[in-house]
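Going by TrEMBL, these are the annotated features:
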BINDING   124, 125, 126, 127, 182, 183, 184, 185, 186, 187, 188, 189, 190  GTP binding site
BINDING   266, 271, 273, 279  Zn(2+) binding site
DOMAIN    74-242  domain 'CP-type G'
DOMAIN    85-240  domain 'EngC GTPase'
Ligand SMILES: Nc1nc2c(ncn2[C@@H]2O[C@H](COP(=O)(O)OP(=O)(O)OP(=O)(O)O)[C@@H](O)[C@H]2O)c(=O)[nH]1
Ligand SMILES: [Zn+2]
């Protein structure tokens, strides 16, 4: 029987289907396959892997996925998509154009809250003055949440003011692992290329290695953004159709900080904030989007989601 080689620690830095690229602490990278269903890993996972026995190829095997600090995922009625594990924050990049879907933004933020991961919002293309002003206005409730140490919105002009944006982003990203999400066209590639010169070439090579030579862009990638390899960005597709089936309707309010802020004032402890008398949230909505009120649009997103998550529960 061939002697089993030692277990080596590593971090998953790319994944495609069942194939992973694992990086050791000293920066060496190796393609690994999971040993069984239990060792199915996602980008950001810390794993124990093993080299193949001599003469059996270069690919290693993932023997164990170490306990996760968190997992960012979405879930529709039939499928779960895991984006990445062990994150410090999720950066949601939207832009003045194309016009972003507030429902999609809200869903991603709720998923982050539910997983206990800090969300950040950045609004790109500030050079498109008129549409930027409109988008900035739409983001008022989210900018307000920023005042309470929550979200805040970082204005960017990635294609134009690169040095300024680079500094502003590095301030947020240094010494952290950050997942970047955003709708198509918001500037994700521009952002990655600004922080990781040569990223496109890197990604192409990784995708080819993992996908047996065929080029693909539908995988998740980890990039170091500093020499010391303490700050990382993870680029992942799949911002659309952000299912939240893993969240119970009664858990929703706690995942929306501006709604939660008023939920403590409700008459009933199990208030749904939809129709009850003496509801603190409904009273805040009546006051409007002022400083002590709540946004009607945000409450509409809340009630639509509440209905969606209630209907599909069985
Ligand atoms: N006006 C303006 N255009 C920008 C800015 N940043 C990026 N763009 C442009 O927006 C378009 C989309 O940028 P990408 O970086 O390709 O966006 P993406 O999010 O990677 O898009 P997908 O590849 O579709 O996922 C490109 O034509 C960029 O040149 C900006 O600050 N201002
Ligand atoms: Zn209530």
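Heads up, the Cβ atoms here are built off N, Cα and C, so glycines get one too.
Because the structure is a prediction, the values reported are computed rather than measured.
Overlay of TrEMBL feature records on the structure.
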residue	record	contacts (Cβ under 8 Å, 6+ apart)
124	GTP binding site	93, 94, 95, 96, 156, 157, 158, 186, 187, 190, 191
126	GTP binding site	96, 132, 155, 156, 157
182	GTP binding site	92, 93, 94, 95, 188, 239
266	Zn(2+) binding site	273, 276, 278, 279, 280, 281
271	Zn(2+) binding site	263, 279, 280, 281
Residues among the binding-site residues 124, 182, 184, 188, 266, 271 that border ligand 2 - Cβ under 6 angstroms, in sequence order: 266, 271
Fewest Cβ neighbours within 10 Å, where candidates are the binding-site residues 184, 186, 190: 184
Residue 273 (Zn(2+) binding site): tally of other CB atoms within 10 A of its CB: 25
PLDDT averaged over every residue in the domain 'EngC GTPase' (85-240): 89
Residue 188 (GTP binding site), number of other Cβ atoms within 10 Å: 23
Distance-selected binding-site residues near ligand 1 (C-beta under 6 Å), from 188, 266, 271, 273: 188
C-beta crowding around residue 279 (Zn(2+) binding site), within 10 angstroms: 21
Additional residues around Zn(2+), ordered along the sequence, whose Cβ is within 8 Å of the centroid of 266, 271, 273, 279: 263, 267, 268, 272, 274, 276, 278, 280, 281, 282
Collapsed DSSP category at residue 271 (Zn(2+) binding site): coil
Span of the GTP site, taken as the largest CA to CA distance across 124, 125, 126, 127, 182, 183, 184, 185, 186, 187, 188, 189, 190 (Å, rounded to a whole number): 19
Per DSSP, three-state class assigned to residue 124 (GTP binding site): strand
